[in-house]
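Per TrEMBL, the features are as follows:
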| type | residues | note |
| --- | --- | --- |
| COMPBIAS | 60-74 | compositional bias 'Low complexity' |
| COMPBIAS | 81-90 | compositional bias 'Basic and acidic residues' |
| COMPBIAS | 223-240 | compositional bias 'Basic and acidic residues' |
| REGION | 60-91 | region 'Disordered' |
| REGION | 217-240 | region 'Disordered' |
Amino acid sequence: MPSLETELDRARELSVDDLADAIESIGFECTRCGACCTSHGEDEHTATVFPDEVRELQAASAAGDGADATGSDTAEPDTTAEARDWRDVARPMPYGLTEGEDGPEGETFEWALQTGGCGDCAFYAEDDDGVGACTAHDDRPLICQTYPFSVALDGTSQPMGEAVDEAGVVRAHECEGLGRDISREDAEALAAALKERAVRELEEAIDVRDAYAPADTGAGEVVVHDSEGAKRPDGTRLSN
Ligand code: SF4
């Protein structure tokens, strides 16, 4: 298996033009079905979010992002709202945790977008007509900006759904928006975000690997190792 450093070099050398060609050849238009923002059966919505993206979403919540639940930019920013807590935005990625008597425990290596009571992303909301949208659309993380695509490099994450199509290094995952026409401009914007995500994921993975020191987790304790160090589920540093 190639090293993370080798894959990072490959990610940095990806041509946005080539990625855009691949995305154009597959085709995509979001149908606003909400499938990538909601739970599936027993499975809670699970999407990786980087630590700086968590802070952006916290701050965005404080300022309001100007988007209403329909995704249109008509709502006035709520300047009176307080910043969300870390836990309102992110939760420890459940993979690798075990179920103890007091709930999940152990060490994990990523943050996932927080979910609401029904397992949907905490930022997903439906209007009175049942049309869903992201309430943090302008500040949504890279994984959301690039759904349903990923790049086929070791160490990068795959979005929800099986991989169903592949064009060069670009993979497309199950999504009803696939196969629809996409403009060159939109394909290039998506390609640029896809490259940025691949680079960021590999940089994160390398930093986590290099900074990792086993944490002494007791019963009911969870530690998240991200690129900034070991943290508690509320986002505070373990060494504080
Ligand atoms: S942040 Fe927005 S786009 Fe991303 S999963 Fe949540 S609701 Fe969907």
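Every residue gets a Cβ built from N, Cα and C, even glycine.
What TrEMBL says about a protein is an automatic prediction, not a curated fact.
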So, by DSSP, how many helix, strand and coil residues make up the compositional bias 'Basic and acidic residues' (81-90)?
4 helix, 1 strand, 5 coil
Please list, for the region 'Disordered' (217-240), how many residues fall into helix, strand and coil according to DSSP.
0 helix, 9 strand, 15 coil
